[in-house]
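J.: My questions all concern the structure below.
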Amino acid sequence: MSMYGRDPWGGPLEINTADSATDDDRSRNLQDLDRAALSSRPLDETQQSWLLGPSGEQKKKKYVDLGCIIVSRKIFVWTVGTLLVSAFLAGFITLIVKTVPRHHRGRPPPDNYTLALHKSLMFFNAQRSGKLPKHNNVSWRGNSCLKDGNDASTTFKDLAGGFYDAGDAIKFNFPKSFAMTMLSWSVIEYSTKYEAAGELNHVKEIIKWGSDYFLKTFNHSADSIDKLVAQVGIGSTAGGSTTPNDHYCWMRPEDIDYPRPVTECHSCSDLAAEMAAALAAASIVFKDNKAYSQKLVHGAKTLFKFSRDQRGRYSAGGGSDAALFYNSTSYWDEFVWGGAWMYYATGNSSYLQLATTPGLAKHAGAFWGGPDYGVFSWDNKLAGAQVLLSRLRLFLSPGYPYEEILRTFHNQTSIVMCSYLPIFTTFNRTKGGLIQLNHGRPQPLQYVVNAAFLATLYSDYLEAADTPGWYCGPNFYSTDVLREFAKTQIDYILGKNPQKMSYVVGFGNRYPKHVHHRGASIPKNKIKYNCKGGWKWRDTSKANPNTLDGAMVAGPDKHDGFRDVRSNYNYTEPTLAGNAGLVAALVALSGEKNIGIDKNTIFSAVPPMFPTPPPPPAPWKP
């Protein structure tokens, strides 16, 4: 049987299926036929390759088929070789790096400001009153004055808690509320730095301890009040009084057994507005705890309303403890200061309108100088209020109708900052370099630390606003000059002074050992010393048995002199307000300069600014 097919190249193609030839014979026959076909028609190269297969002398292929692409064999060999060599070198280098011993660079040690910050916050732990938390970490302190308010003829029966003011056991709300406002302000601006130092939770606990106590001192759930607690305990020994009280007696707070009167006030604008500022600032610190924050805001509103409705100075009238120890010269500065904090806490523009009322600023002394102009303290908050409101202008520019007075505050802040610089003679300096903000009077350090905080903070405001400095008259000064002023003052306090003494207890190698402080000076030896029994510890020349870590003492005199004597409180007594300013200044200077401030948190409750256009001009009349 034969099969005939069509040869695609022409001519017949015959396959004889009956042929019993071997496969080799058939292959040879097919090749003969193929060659015959080739001889009958010229073929191109491709057709020849199909039929003839590989030639006897097979040439080396010039290309490599990779499936999806065909590449030159030469390029392929070079590429693969390069990859292999590179892999080998990488592996070799990695092996060397892994096997060669390395010296790990640890984190840089904390700077002095951070180290001092750790200490200075501990002072607040030592000043706690009431039932102490388990983690208070001051071994010689215990629960104290748990019955404050119980025996008094007051409607506020539970007044346990809060902080003792200084070396005694009196709880003064006026300086204490300023201290809490300062701590909250420093947290709002520098929470990142507190976190880097590992102190954010600690400082927030301190602020909450103070805020919780303030809520006990008035009817915080009401919208209107007619009184609040100004003070617990009493210290006056006028007329040689020998009645046991917080100044006549020298006792550990844990052992106090004498009556502790409660002082209320019914017209105390300065105190109420400062307490409102403290709660308003704390509400921003705790904004993530919505229920607590709103509780603080409500209390602040109630207090501020009371301050505006019932006008008067809390220390009016001579002879009171308030007048003797923490006399308030005016309440107008608290209206501006408190109004600014109320605006930041609520976003309610009525508070901003009040804080920027020119008449209020005029009464507060914003438009005139005077020897104490620019001195920020528990008594006068004007300098701080002007910095706080300059912040609003720098970052939000609210425009009309606030721009004119905000520009004035901004200009006044610039003047205050100029007054801090050594080139100007507004304030004298000691030979050792300490600025005399209180003009040589005792207890200078509390004013110095507040100025250092404001200077550092304002320099950080300018940096955040991309402004390299500010003008003092025709001269331009860099923000670095402000920071340098703050550093020189804080360095003086930390030991860079003629006495070579740190004025912060527990910091450095040499610091005061006879601090004017009852709890620190009496040993915790299970012996209860009565009112006069503790006098021997007051009068002894021996060092305090307990270290009051972090306490910033009152400071040196105008000649850089310092007497480490327990009986002289003008040198050796620390206060809440002084330490709060120290904490604020230290955290502002601590860590990396480029961290700067938190620009936005303080504005979290402030609605978007859409400046109201100014009124149109009067119609033209011919």
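Glycine is no exception: its Cβ is also placed from the backbone N, Cα and C atoms.
These numbers come from a predicted model, not from an experiment.
Below are the features listed in TrEMBL for this protein:
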type	residues	note
REGION	1-26	region 'Disordered'
TRANSMEM	75-97	transmembrane segment
DOMAIN	113-586	domain 'Glycoside hydrolase family 9'
ACT_SITE	His516	active site
ACT_SITE	Asp564	active site
ACT_SITE	Glu573	active site
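Show me how these features fit into the shown structure, please.
T.: Within its own chain, Asp564 (active site) has Pro512, Lys513, His514, Tyr571, Thr572 as residues 6 or more apart in sequence whose C-beta sits under 8 angstroms from its own.
Here Glu573 (active site) comes close to Ala166, Gly167, Gln443, Val515, His516, His517, Val553, Ala554: these same-chain residues lie at least six apart in sequence, with C-beta atoms under 8 angstroms from its C-beta.
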J.: In the predicted model, what is the mean pLDDT computed over the domain 'Glycoside hydrolase family 9' (113-586)?
T.: 96
